[in-house]
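The structure appears below as structure tokens.
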Amino acid sequence: MEAPLQTEMVELVPNGKHSEGLLPVITPMAGNQRVEDPARSCMEGKSFLQKSPSKEPHFTDFEGKTSFGMSVFNLSNAIMGSGILGLAYAMANTGIILFLFLLTAVALLSSYSIHLLLKSSGVVGIRAYEQLGYRAFGTPGKLAAALAITLQNIGAMSSYLYIIKSELPLVIQTFLNLEEKTSDWYMNGNYLVILVSVTIILPLALMRQLGYLGYSSGFSLSCMVFFLIAVIYKKFHVPCPLPPNFNNTTGNFSHVEIVKEKVQLQVEPEASAFCTPSYFTLNSQTAYTIPIMAFAFVCHPEVLPIYTELKDPSKKKMQHISNLSIAVMYIMYFLAALFGYLTFYNGVESELLHTYSKVDPFDVLILCVRVAVLTAVTLTVPIVLFPVRRAIQQMLFPNQEFSWLRHVLIAVGLLTCINLLVIFAPNILGIFGVIGATSAPFLIFIFPAIFYFRIMPTEKEPARSTPKILALCFAMLGFLLMTMSLSFIIIDWASGTSRHGGNH
């Protein structure tokens with residue numbers, strides 16, 4: 001019996017300006033293809049059905065207005081995470097050459113993964129991650145994608161707020177030139193994280209379109225560029241190895257120089273051994289850093305929303321945006337890891353900023369870097385919140401039109417829950433380590449590959465074609481990384497130690 005024919009609109013866009021062809025293409029509908037009612041598509045502006053003048057305006061019916069540059073800022077900011085603080089630690093446990101190889105491999109794989117997403121979305125006319133899941137596997141696929149996005153991004157937002165909770169009191173303490181932490185409310189991280197969430201994060205999260213956050217994204221990236229410049233600068237001003245009593249100095253730079261001179265006379269033999277970079281390292285923690293590297297370029301839930309809001313969108317243009325964003329973050333990641341590692345070598349801690357406190361807790365430059373990092377992670381939270389809100393819309397309100405009340409309530413509810421987790425959960429990093437180890441491989445490797453395999457018509461690419469075989473291998477790689485990550489975390493818990501080097 002012949003399969004029914006389905007008319008699909010190729011590359012539909014909300015502003016109708018796409019130039020890659022809008023003619024209907026008649027393709028046989030395979031048994032695994034599904035069409036969801038347009039009314040059930042994403043209510044946060046992430047699908048791209050054409051505007052119909054005969055119907056009541058739908059809030060997906062807006063023109064993409066985000067420029068190429070703003071889109072690069074938004075996607076780069078989505079890629080950048082708190083993991084950049086742990087990459088020097090990862091390099092210390094892999095060596096420079098192995099680190100560079102892993103970082104390059106992950107960057108290329110992330111670009112390939114985005115290519116699969118864009119190609120799948122172009123075939124079926126969908127620009128929502130969850131809707132691709134529906135098209136490939138029906139409601140279970142849609143819910144699985146929405147759940148993975150929700151877990152991954154809640155974990156990411158929690159790690160950002162955790163940084164605010166731990167770092168902001170130290171910044172205030174340094175500004176006030178206090179030797180010890182006081183019991184005042186403005187030195188309490190719990191109060192501070194709530195204050196930042198209400199006054200900065202929530203207003204940005206209430207914006208209706210991601211494009212407007214391009215300005216805050218640009219500022220956030222500027223903060224991380226400043227962090228990188230400071231790391232490079234400090235490489236040439238921090239002695240190696242660090243004197244044993246360096247963490248007792250409190251801003252007396254003449255004393256620091258005297259100690260530096262004395263120690264250099266005493267530890268010349270040890271310095272040559274300790275202060276020599278390793279190019280290839282394999283130890284008990286090397287494998288533990290691989291998941292950190294693998295998840296350094298997580299941005300896939302944000303790719304399709306940014307694609308939707310792009311001015312004059314096309315697959316080629318969005319792929320260029322993705323490649324440029326990945327390339328920028330690749331360079332920043334490598335330089336931050338390299339100069340952070342070459343500053344402290346094997347003495348680097350899992351969070352790079354903590355290591356600098358050994359040199360001088362009241363260093364003005366490091367204080368400014370802390371402020372820059374806090375600013376960057378604060379401005380990243382609203383961008384990460386957008387796909388979570390969209391996923392919740394997909395799961396709970398699939399047939400509802402846009403409502404400002406629901407838009408606000410979901411944002412407030414999410415921030416409230418995340419603040420409660422950050423404040424009351426003592427082992428939050430371990431909890432979200434598991435979440436990241438399970439959801440990230442699905443979002444980066446497994447879902448894009450299997451969605452592509454199911455959605456791409458067999459008439460265009462047979463099941464045994466090279467692209468589909470590569471996609472299946474890509475999915476298998478994701479399962480392998482997920483198994484490795486979970487195994488390392490379980491071993492970590494069983495041994496009662498913590499060796500986390502960072503988190504996206």
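A Cβ is built for glycine as well, from the same backbone N, Cα and C atoms used for every other residue.
Lifted from Swiss-Prot, the feature list:
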DISULFID  CYS240-CYS275  disulfide bond
CARBOHYD  ASN74  N-linked glycosylation site
CARBOHYD  ASN247  N-linked glycosylation site
CARBOHYD  ASN248  N-linked glycosylation site
CARBOHYD  ASN252  N-linked glycosylation site
CARBOHYD  ASN323  N-linked glycosylation site
SITE      ASN77  site 'Modulates L-glutamine-induced conductances and Na(+) binding'
TRANSMEM  83-103  transmembrane segment
TRANSMEM  106-126  transmembrane segment
TRANSMEM  144-164  transmembrane segment
TRANSMEM  187-207  transmembrane segment
TRANSMEM  213-233  transmembrane segment
TRANSMEM  324-344  transmembrane segment
TRANSMEM  366-386  transmembrane segment
TRANSMEM  408-428  transmembrane segment
TRANSMEM  431-451  transmembrane segment
TRANSMEM  471-491  transmembrane segment
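Neighbours of ASN74 (N-linked glycosylation site), defined as other CB atoms within 10 A of its CB across all chains, total 30. Cα of CYS275 (disulfide bond) to Cα of ASN74 (N-linked glycosylation site): a distance of 38 Å. Distant neighbours of the transmembrane segment (431-451): 109-110, 113-114, 116-117, 120, 129, 132-133, 135-136, 141, 144-145, 148-149, 151-152, 154-156, 158-159, 291, 294-295, 297-298, 300-301, 425, 471-472, 474-475, 477-479, 481-482, 485-486, 489, 500, 503-504; these residues of the same chain sit at least 6 beyond its ends, with a Cβ under 8 Å from one of its Cβ atoms. There are 16 other Cβ atoms within 10 Å of the Cβ belonging to CYS240 (disulfide bond). Within its own chain, ASN323 (N-linked glycosylation site) has SER111 as residues 6 or more apart in sequence whose C-beta sits under 8 angstroms from its own. If you count C-beta pairs under 8 angstroms between the transmembrane segment (83-103) and each of 213-233, 324-344, 366-386, the highest count goes to 324-344.
With every protein chain in view, the residue among the recorded positions ASN77, CYS275 whose Cβ has the most Cβ partners within 10 Å turns out to be ASN77. CYS240 (disulfide bond) sits 33 Å from ASN77 (site 'Modulates L-glutamine-induced conductances and Na(+) binding'), taking the C-alpha atoms as the reference points.
Ranking 144-164, 187-207, 324-344, 366-386 by CB pairs under 8 A with the transmembrane segment (213-233) puts 366-386 at the top. Of the ranges 144-164, 187-207, 324-344, the one with the most Cβ pairs under 8 Å to the transmembrane segment (366-386) is 144-164. Sequence-distant contacts of the transmembrane segment (324-344), counting only residues of its own chain at least 6 positions beyond either end whose CB sits under 8 Å from a CB of the stretch, comprise 72, 75-76, 79-80, 84, 87-88, 90-92, 96, 99-100, 103-104, 107, 110-111, 224-225, 227-228, 231-232, 234-235, 238, 240, 242, 277, 296-297, 299, 352, 355. Secondary structure at CYS275 (disulfide bond), taken from DSSP and collapsed to helix, strand or coil, is coil.
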